[in-house]
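Copied over from Swiss-Prot, here are the features:
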{"type": "BINDING", "residues": "Asp5, Ile6, Gly7, Asn8, Ser9, Thr10, Ala11, Lys12, Ser92", "note": "ATP binding site"}
{"type": "BINDING", "residues": "Tyr67, Gly72, Val73, Asp74, Arg75, Thr144", "note": "substrate binding site"}
{"type": "ACT_SITE", "residues": "Asp74", "note": "active site, proton acceptor"}
{"type": "BINDING", "residues": "Asp89", "note": "K(+) binding site"}
Amino acid sequence: MILCDIGNSTAKFYNNGISKVMSIKEFQKFEPKDTVYFINVNPNFKRKLKGTLFFDLAPYFEINTLYSKELGVDRIAASCAINDGIVIDAGSAITVDMVNKNIHMGGFILPGITKYVEAYKSISSVLDVGLNSQVNLDKIPLNTRDAITYGVVNSVVLLVENIAKNRKIYITGGDGQFLSQFFKNAVYDKNLVFRSMLNVIKSKGL
(Lines of atoms letter the chains of each structure in order from A and count residues from 1; the text may use other names and numbers.)
(Lines give C-alpha, C1' and ligand atoms only; values in the text may rest on other atoms or scores of the structure.)
Protein backbone atom coordinates (compact mmCIF):
# COMPACT_ATOMS: atom_id res chain seq x y z
CA MET A 1 0.00 0.00 0.00
CA ILE A 2 1.50 3.32 -1.12
CA LEU A 3 0.87 6.48 0.89
CA CYS A 4 1.83 9.99 -0.16
CA ASP A 5 1.90 13.27 1.77
CA ILE A 6 2.17 16.10 -0.76
CA GLY A 7 3.44 19.40 0.56
CA ASN A 8 4.67 22.66 -0.91
CA SER A 9 8.29 21.61 -1.42
CA THR A 10 8.31 17.79 -1.35
CA ALA A 11 6.12 14.73 -1.76
CA LYS A 12 6.80 12.11 0.91
CA PHE A 13 6.02 8.45 0.17
CA TYR A 14 5.55 5.52 2.53
CA ASN A 15 5.27 1.90 1.44
CA ASN A 16 5.51 -1.08 3.81
CA GLY A 17 7.72 0.69 6.32
CA ILE A 18 9.96 2.33 3.73
CA SER A 19 9.97 6.12 3.36
CA LYS A 20 11.03 8.12 0.32
CA VAL A 21 11.11 11.85 -0.36
CA MET A 22 10.58 13.26 -3.84
CA SER A 23 11.03 16.88 -4.86
CA ILE A 24 7.99 18.68 -6.24
CA LYS A 25 9.71 18.84 -9.62
CA GLU A 26 10.15 15.05 -9.59
CA PHE A 27 6.56 14.54 -8.47
CA GLN A 28 5.29 16.50 -11.47
CA LYS A 29 6.65 13.70 -13.67
CA PHE A 30 5.61 10.86 -11.36
CA GLU A 31 3.17 8.34 -12.85
CA PRO A 32 1.98 5.64 -10.40
CA LYS A 33 1.63 1.99 -11.35
CA ASP A 34 -0.42 1.15 -8.26
CA THR A 35 -3.00 3.05 -6.22
CA VAL A 36 -1.53 5.94 -4.21
CA TYR A 37 -3.48 7.04 -1.13
CA PHE A 38 -2.66 10.70 -0.59
CA ILE A 39 -3.24 13.92 1.27
CA ASN A 40 -2.34 17.17 -0.47
CA VAL A 41 -1.91 20.84 0.43
CA ASN A 42 -0.32 21.88 -2.87
CA PRO A 43 -2.91 23.55 -5.16
CA ASN A 44 -0.75 22.98 -8.24
CA PHE A 45 -1.57 19.27 -8.33
CA LYS A 46 -5.37 19.27 -8.28
CA ARG A 47 -5.62 18.17 -11.92
CA LYS A 48 -2.85 15.57 -11.69
CA LEU A 49 -4.39 13.97 -8.59
CA LYS A 50 -7.68 13.32 -10.36
CA GLY A 51 -6.00 10.38 -12.10
CA THR A 52 -7.56 6.96 -11.56
CA LEU A 53 -4.65 5.65 -9.47
CA PHE A 54 -4.72 8.55 -6.98
CA PHE A 55 -7.04 8.18 -3.97
CA ASP A 56 -7.69 11.29 -1.86
CA LEU A 57 -7.96 10.50 1.85
CA ALA A 58 -8.94 14.03 2.90
CA PRO A 59 -12.74 13.44 2.88
CA TYR A 60 -12.35 10.44 5.19
CA PHE A 61 -10.65 12.21 8.09
CA GLU A 62 -12.99 13.09 10.94
CA ILE A 63 -11.87 15.65 13.50
CA ASN A 64 -13.69 17.41 16.30
CA THR A 65 -12.26 20.93 16.15
CA LEU A 66 -12.89 24.45 17.37
CA TYR A 67 -10.94 25.79 14.39
CA SER A 68 -12.50 27.25 11.23
CA LYS A 69 -13.06 25.21 8.07
CA GLU A 70 -9.72 26.53 6.82
CA LEU A 71 -7.83 23.84 8.76
CA GLY A 72 -5.60 22.06 6.25
CA VAL A 73 -5.64 18.30 5.76
CA ASP A 74 -1.97 18.12 6.77
CA ARG A 75 -2.79 19.58 10.18
CA ILE A 76 -5.90 17.42 10.45
CA ALA A 77 -3.91 14.26 9.73
CA ALA A 78 -1.21 15.17 12.24
CA SER A 79 -3.75 16.05 14.94
CA CYS A 80 -5.71 12.83 14.38
CA ALA A 81 -2.55 10.86 15.17
CA ILE A 82 -2.66 11.81 18.87
CA ASN A 83 -5.25 11.89 21.64
CA ASP A 84 -3.73 14.58 23.85
CA GLY A 85 -0.80 16.94 23.53
CA ILE A 86 0.90 19.27 21.10
CA VAL A 87 1.74 18.12 17.58
CA ILE A 88 4.38 19.94 15.53
CA ASP A 89 4.87 19.33 11.81
CA ALA A 90 8.14 21.00 10.86
CA GLY A 91 8.24 21.29 7.09
CA SER A 92 8.17 24.24 4.67
CA ALA A 93 6.05 25.84 7.36
CA ILE A 94 5.97 24.80 11.01
CA THR A 95 2.45 23.99 12.16
CA VAL A 96 1.70 23.67 15.86
CA ASP A 97 -1.62 22.21 17.01
CA MET A 98 -3.12 21.41 20.40
CA VAL A 99 -5.28 18.33 20.98
CA ASN A 100 -7.16 17.79 24.24
CA LYS A 101 -9.09 14.53 24.75
CA ASN A 102 -9.38 14.03 20.97
CA ILE A 103 -10.62 17.58 20.41
CA HIS A 104 -8.51 19.87 18.24
CA MET A 105 -8.28 23.09 20.24
CA GLY A 106 -6.50 25.25 17.65
CA GLY A 107 -2.95 26.10 16.75
CA PHE A 108 -0.59 28.40 14.90
CA ILE A 109 1.78 28.49 11.94
CA LEU A 110 5.40 29.66 11.72
CA PRO A 111 7.84 29.85 8.80
CA GLY A 112 9.85 26.68 8.29
CA ILE A 113 13.47 26.48 9.45
CA THR A 114 14.68 26.92 5.85
CA LYS A 115 12.64 30.11 5.51
CA TYR A 116 14.22 31.53 8.64
CA VAL A 117 17.70 30.79 7.28
CA GLU A 118 16.83 32.32 3.89
CA ALA A 119 15.54 35.45 5.61
CA TYR A 120 18.88 36.00 7.37
CA LYS A 121 20.75 35.37 4.11
CA SER A 122 18.62 37.98 2.32
CA ILE A 123 19.60 40.59 4.91
CA SER A 124 23.36 40.14 4.50
CA SER A 125 25.84 37.59 3.18
CA VAL A 126 27.56 37.89 6.56
CA LEU A 127 24.54 36.13 8.07
CA ASP A 128 24.73 33.21 5.62
CA VAL A 129 26.40 30.89 8.14
CA GLY A 130 23.91 28.05 8.60
CA LEU A 131 22.74 26.66 11.92
CA ASN A 132 24.50 24.95 14.81
CA SER A 133 22.55 21.86 15.88
CA GLN A 134 24.55 21.75 19.11
CA VAL A 135 23.73 25.29 20.26
CA ASN A 136 23.03 25.69 23.98
CA LEU A 137 19.78 27.59 24.50
CA ASP A 138 20.66 28.17 28.15
CA LYS A 139 23.62 30.38 27.27
CA ILE A 140 23.84 33.73 25.50
CA PRO A 141 25.51 33.18 22.08
CA LEU A 142 29.06 34.43 21.52
CA ASN A 143 29.29 34.05 17.73
CA THR A 144 27.09 34.81 14.71
CA ARG A 145 26.19 31.21 13.86
CA ASP A 146 25.05 30.48 17.40
CA ALA A 147 23.25 33.83 17.57
CA ILE A 148 21.19 33.01 14.49
CA THR A 149 20.49 29.45 15.63
CA TYR A 150 19.46 30.72 19.06
CA GLY A 151 17.05 33.20 17.50
CA VAL A 152 15.53 30.69 15.07
CA VAL A 153 15.14 27.80 17.49
CA ASN A 154 13.98 29.83 20.47
CA SER A 155 11.34 31.59 18.38
CA VAL A 156 9.78 28.16 17.95
CA VAL A 157 10.56 26.58 21.33
CA LEU A 158 9.33 29.45 23.50
CA LEU A 159 6.04 29.79 21.60
CA VAL A 160 5.37 26.06 21.80
CA GLU A 161 6.28 25.79 25.48
CA ASN A 162 4.01 28.75 26.22
CA ILE A 163 0.95 26.72 25.19
CA ALA A 164 2.25 23.23 25.92
CA LYS A 165 2.67 23.64 29.69
CA ASN A 166 3.03 20.01 30.83
CA ARG A 167 1.50 18.46 27.72
CA LYS A 168 3.44 15.90 25.73
CA ILE A 169 4.89 17.20 22.47
CA TYR A 170 4.91 15.13 19.27
CA ILE A 171 7.14 16.27 16.42
CA THR A 172 7.27 15.19 12.78
CA GLY A 173 8.32 16.67 9.43
CA GLY A 174 11.59 17.18 7.60
CA ASP A 175 13.08 19.39 10.32
CA GLY A 176 11.36 17.53 13.14
CA GLN A 177 14.40 15.59 14.30
CA PHE A 178 16.47 18.79 14.45
CA LEU A 179 13.83 20.63 16.50
CA SER A 180 13.00 17.72 18.81
CA GLN A 181 16.37 17.87 20.57
CA PHE A 182 15.52 21.31 21.97
CA PHE A 183 12.37 20.17 23.79
CA LYS A 184 12.47 18.33 27.12
CA ASN A 185 9.13 16.57 26.70
CA ALA A 186 9.09 15.68 23.01
CA VAL A 187 8.71 12.53 20.92
CA TYR A 188 9.98 12.56 17.34
CA ASP A 189 8.02 10.37 14.92
CA LYS A 190 8.89 10.81 11.25
CA ASN A 191 5.96 8.59 10.21
CA LEU A 192 3.30 10.23 12.41
CA VAL A 193 1.20 11.50 9.49
CA PHE A 194 1.50 8.19 7.65
CA ARG A 195 0.28 6.33 10.76
CA SER A 196 -2.72 8.63 10.79
CA MET A 197 -3.39 7.90 7.13
CA LEU A 198 -3.15 4.16 7.73
CA ASN A 199 -5.61 4.45 10.63
CA VAL A 200 -8.14 6.15 8.36
CA ILE A 201 -7.73 3.52 5.64
CA LYS A 202 -8.23 0.74 8.19
CA SER A 203 -11.14 2.33 10.08
CA LYS A 204 -13.02 3.23 6.88
CA GLY A 205 -12.31 -0.07 5.17
CA LEU A 206 -10.74 1.63 2.16
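Yeah, the Cβs are placed from backbone N, Cα and C, and that goes for glycine too.
Taking the features listed in Swiss-Prot, we show where each one sits on the structure.
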residue: Asp5; record: ATP binding site; DSSP (3 states): strand
residue: Ala11; record: ATP binding site; DSSP (3 states): strand
residue: Tyr67; record: substrate binding site; DSSP (3 states): coil
residue: Gly72; record: substrate binding site; DSSP (3 states): coil
residue: Ser92; record: ATP binding site; DSSP (3 states): coil
residue: Thr144; record: substrate binding site; DSSP (3 states): helix
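The subset of binding-site residues (Gly7, Tyr67, Asp74) lying with their Cα within 10 Å of the Cα of the residue listed as 'K(+) binding site' consists of Asp74, given in sequence order.
Whole-number maximum of the Cα to Cα distances across the ATP-binding residues Asp5, Ile6, Gly7, Asn8, Ser9, Thr10, Ala11, Lys12, Ser92: 13 angstrom. Counting every protein chain shown, the number of other Cβ atoms lying within 10 Å of the Cβ of Gly7 (ATP binding site) is 22. In terms of C-alpha distance, the listed binding-site residues Tyr67, Asp74, Arg75 place Asp74 closest to Asp5 (ATP binding site). Cα separation, Ser92 (ATP binding site) to Val73 (substrate binding site), rounded: 15 Å. In sequence order, Val126, Leu127, Val129 are the residues of the chain that are 6 or more apart from Thr144 (substrate binding site) and have a CB within less than 8 Å of its CB. Taking the Cα atom of each, Arg75 (substrate binding site) and Ala11 (ATP binding site) are about 16 angstrom apart. Rounded to a whole value, the Cα-Cα separation of Tyr67 (substrate binding site) and Ala11 (ATP binding site) is 26 Å. Sequence-ordered, the extra residues of this chain that approach the ATP site, with Cβ no more than 8 Å from the Cβ center of Asp5, Ile6, Gly7, Asn8, Ser9, Thr10, Ala11, Lys12, Ser92, are Ile24, Val41, Asn42, Gly91. Among the residues the record lists as binding substrate, namely Tyr67, Gly72, Val73, Asp74, Arg75, Thr144, the two farthest apart have Cα atoms separated by 39 Å. Here the candidates are the binding-site residues Gly72, Val73, Asp74. The one whose C-alpha lies nearest to that of Ser9 (ATP binding site) is Asp74.
Here the C-alpha separation of Gly72 (substrate binding site) and Ala11 (ATP binding site) works out to 16 Å.
Looking at Ser9, Ser92, the binding-site residues in this record, the fewest other C-beta atoms within 10 angstroms of the C-beta turn up around Ser9.
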